[in-house]
Structure formats: structure tokens, C-alpha cells
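Working notes, structure below.
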Amino acid sequence: MAPLDPHSFTDSTHPLTTHVDLSLFLQFDTRTIDGAATYKLQRPHIGDLFLDTRSLKIQDVTDPSSNPLSFSLQTSDPIKGTLLRITLKGQASFHIKFTTHPSASALQWLKPPQTAGKKLPYVYTQCHAIHARSIFPCQDTPRARIRYSARLNIPDQMTGAMSAAHGGRATPCAGEAMGACRDEEWVAHGRVVEHFSMAQPIPPYLFAFVVGNIVYKEVGPRTRVYCEAGPVLDAAAKEFEPVEAMIQQAEGLFGDYEWERFDLLVLPPSFPYAGMENPRLVFLTPTAIVGDTSGSHLVAHELAHSWTGNLVTNASHNDFWLNEGFTTYAERRIVEVVHGKERAELSIGVGCAVLREDVEMCKDNVGITKLKTNQEGINPDNIFRIVPYEKGFQFLWRVERQVGRPAFDKFLKKYIANFKFQSIDTETFIDFLKKNLPGIEKEVDLEVWVYGTGIPPDFMEPVSTIHNKVLAVSHNAAAGQMPSDDEVSNWKGLEWQLFFNNLPNKLEESQVSALDKRFQFSESNNWDVKVLFLKIVAYSGYKPLFGKIENCLKEAGRRKYLKPLYMGLVQGNAGEEGKEFARQVFEEARDTYHPISQKVIESIFSKYA
């Protein structure tokens, strides 16, 4: 066996999948999907072929003539799942029937009471980093880019959307199931089929769909905002009005937008991430709806992924910085053009602060502060860090400063054009960098930046008047001096984020009380600001505001918010009382969290409480 990826059973000597045709029969009562898939390979193959699965029940495997093929499920690995071994006899195509598990790691099924409308259930996917294998057998590595077509058979009072081109909504037809279920089930009264196709080759982690009481509103010539029916729709449409301008500016920076549509889906609060860059249909947290269009900063990041991450993809999670470092750089370039240089500089300042904190938290495991990591035997969900984002950004910004922006822009466009629809590793990028920016290795220590731990010596803070002003106010506040109205009168979310990121986690209770009384941070509509303040509340053990922490932990399932608040409670000045409070809240809120978030919080309790 010659592994291609530390998180996949895919063998480098085997042909890769090029296309998958899927029929999926969704059953909300059992929280399962009966599925059937036809696979096409790069070439005919004789011998074993390895696919990744997790908690899937495999019904049978056949060749194109419906002849059975030998298969077996091997012993499960706690990270990779279960190896599906199929024996081929020269075929370049085969067919699998399967059923998902009710606790499939990529799926979150919501009961009607957990939805906005309270009447219909809801399901959505989260396949990053290694969860597509829990929906259908696949070579679940970014190296195995696939095109796909899909039919979602769902209750007819519901709507399906997918990270693919919509081919229409139709009455089910006999034969479409491809064996996923019996034809009489597929065509039963009260069912409808949504048809989709993805023409561009994508890594499996970008496979995505949602089914529920979904509605949409047009906000641009190539953008709709989707969400559950209700008041969120108008608020989301207003928040994301600047999207078309951002797309146009991004095309000027990085080249043509290759995915036709850039639709946005606002998910229920349980969604564990800020956003997920699924092509054609970006998934977003509802906490991005702030009310002042500042949520478009988050959209800028997901938009940037359309070039850096989706078009050019990391070969494995060892090279995750190629996705996120490039995207953080690209995001700030978009923000600079659309919102101004000052906004971009503030974003860099926030990034500097959280990078320092992240590196400090990793002092007992410095290997994960490298850009190029070795994640053999490590679950990528368990080591989600800021380093690939902000250290990756700093590395690219360092190269830009060395060669100048015009030269770096030319390089960046060439990089994207050269590797589009490919998945590459760090070494491939470094070779391309040296070839196209000759002598760069003599001016920038590539070894230190890519393979070194911690923060390199030529790391840089933004040189900015507003950045320096916010830092001064923050340092004064840490010393007990309350910010004056004149100092903060024009501040928005980024200024306050920078302010809080440069305060110590623990303040005197009197300081915490005074800050909230003056500025009402615990009631802020900006979740980033509110949670940064409540993090200080948790660490400081300021019990009068623990109820606000509880509200946050029960209202939002975003991992960025859950982790620091639970960490603050179990490590803060409230001691055992804080730990018990955290356990009680988690017990009550656990079922509303995505499985990814549940595991993160459970790991905090196992380590600290």
C-alpha cells in the first residue's frame, strides 16, 4: 500500500475517480440516506481499489453489467474510518449501493423545533475536512478531484440546494434510483427529485447539499441568498448587497471567476464554522448578519476561496496553509479595494494578535505551528488552528514586500492560472515560487517560514495610524483607564476586535463591569465583539454576566465562539464553579451542536475539567 494522503486510504498506485453519479433517497424519520453511485476511473484497473468510508453500510458492488464484484470492509481506523476494498477485473467503472448511519459525521439532521419555522425538518452537510466518506464511498483526499451529478429524492414540501448547477425539480421517475431504494419508494406520493451537476472537478470535501424549508432572494446577477423562510432572508440580503462588487474586484486581482454562480446559504445557528467555501453555494453562519454590511468581510474570505482553495487546492491537510494562508491574503486584498486600506490594516492587526495567542497555546506542541505539517495519526478536526491562516498570510505578505506588489500580483495570477483545478503540495509551490521570482530564497528565509516553528523574526505588524491608536487605547484599558467617547466614537467591529485581542484574558471584575455598563458589549449584534468580551468575562470569573455566556453558548454553534467561552469557564477565576457551570450548559446545549463542535468541547472537558 502506497498512501497518497495521511487522512485517506487512497493508494497512489491506483487510478483516481474522475466522475460520480449519485442517487440519494433522504429519510428524515430515520436520519439516513439510501444511496447508489456509479464511479468512473482514470483508466481500467485490475486488482484491489481502496475507497474511504465511515459508518456506511455497503449493500453491494457491481460492474457496469450488474455483475457482482468482490468487496470487503476492513478494520476501522478512529481517524480515517473504514477501508472499502473492491476487486476489479479490468473495469474502469463500477456501482455501489449503500446506506448512511444516523450519526454520519458529515450530516446534521435538525428536528422541526430546531429550525426557524418549527414545522419542517432540515439537513445539511459539512464534508471538510474528511467527512465526505460518511455520505458516500470515495477517495476522500483533495488529490482525487471529481465531477459529479446527483439526484436528491426528498419530501415534496421541502427544497434542496447543492454546491452544483441546478438541473430542475421534477416528479420522480422509475429507474432513477439506480438501486438506492425500491422504485416504488422512489416514486411514492409526496416525493420530489432535485437534479444537480458539477462540471468542474472538485475535491470531495467540497461536496455539499442542504434540504429544508429553503427560500431565496436575488442580490446580484450571479448571487442569490438562501435561508430558511422567515425574517432572516431580508436581513441577509441587505447584509450581503456588496457581493457583486467584490466578485468584480476579485476577478481583477485573481482572474476570471470559474464557477458561474456565487450563491450564499445562511444556515441554522448550529453550523460549526464561520463559512464553508462550497463552490456555487457558500455556507455561512447566521452570526455573519450584523446589520451594517460588515458581514461582507466574511463573504470576502469565502469568495477568495473560489481561487485559492477551490481552484488551486492543498494536496492534503499537511499543506492546509496553501488554502487558508493564500485565502487570508486574497481576502484582505479584496477588503482593501472594496472597503479601503484602513479596514485591511485593521484586519491584519487582528490577525497578528490571534496568531501570537495561537502560537502561545501551542507551546507544548510546536510542530503544529509550522506551515508544512506532518499530520500522520492526527485528526485534522482536532488541531484546527489560526497558524495556517495568519502565518500563511504573513509569509505571502513578506514575499510581496520583498518583490513589490506589481511583481507579486503578476506572480499570483500566474500561480492560479498554472495550477487551476489541481491539488498541489507545499514543495510544488516553493519550486514554482523560486522559478518565477528568481532569487527570492536569498532574500526571504523560505526554510524558516515554511518548516520552522513559531513566528519568524521578519513577521510584521501593520504600519497604520488607526492600528496604533487602537493598541494604545487597549493598553490603557488594561491598566485601568476606560476608553473615552472621543477615542472610540467612530469604531466599528474590527477596531473593537483589535482592542479585545490586545487585552489580557483576565481583568479585575470592576473593569469588566465598567466596560459592559459603558458599551453594552454583552448585548452587541456583532458576535465577534460580543464573544471576545464574554471570553474575558469567563476567564475573569465575573458571575453576574455568566447568564450572557449561557445565552451565547445556546444560541450559536460556531466553533470559534464555543471553544474560547468553554475554555474560559473551565480555566477561569470561577474555579470549580465555572467548570460545573460549563458542564451544565453543555449538557443542555449539546444536542443543538454539530458533531464536530461536540467533539471539540468534549476534548476541552477531558483535558481541563
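Numbers run from 1 along the shown chain.
The backbone N, Cα and C atoms fix where each Cβ goes, glycine too.
The annotation Zn(2+) binding site is assigned in TrEMBL to HIS301, HIS305, GLU324. Look at TrEMBL and you will find GLU302 tagged as active site, proton acceptor. Per TrEMBL, active site, proton donor is recorded for TYR389. As annotated by TrEMBL, domain 'Peptidase M1 leukotriene A4 hydrolase/aminopeptidase C-terminal' applies to 465-605.
When the domain 'Peptidase M1 leukotriene A4 hydrolase/aminopeptidase C-terminal' (465-605) is classified with DSSP, helix, strand and coil residues number 110 helix, 0 strand, 31 coil.
Cβ proximity to the Zn(2+) site centre (mean Cβ of HIS301, HIS305, GLU324, cutoff 8 Å) flags the following additional same-chain residues: GLU277, GLU302, ALA304, THR308, GLY309, ASN323, PHE326, THR327, THR328, ALA330, GLU331, TYR389. Recorded residues GLU302 (active site, proton acceptor) and GLU324 (Zn(2+) binding site) have their alpha carbons 10 Å apart, per Cα-Cα distance.
Here the C-alpha separation of the residue listed as 'active site, proton donor' and GLU324 (Zn(2+) binding site) works out to 5 Å. Long-range Cβ contacts of HIS305 (Zn(2+) binding site) within its own chain (separation 6+, distance under 8 Å): GLU277, ASN323, THR327. Here the Cβ of HIS301 (Zn(2+) binding site) has 23 other Cβ atoms within 10 Å, regardless of which shown protein chain they belong to. Taking the Cβ of GLU324 (Zn(2+) binding site) as reference, residues of its chain lying under 8 Å away and at least six apart in sequence are, in sequence order, GLY309, PRO388, TYR389, GLY392.
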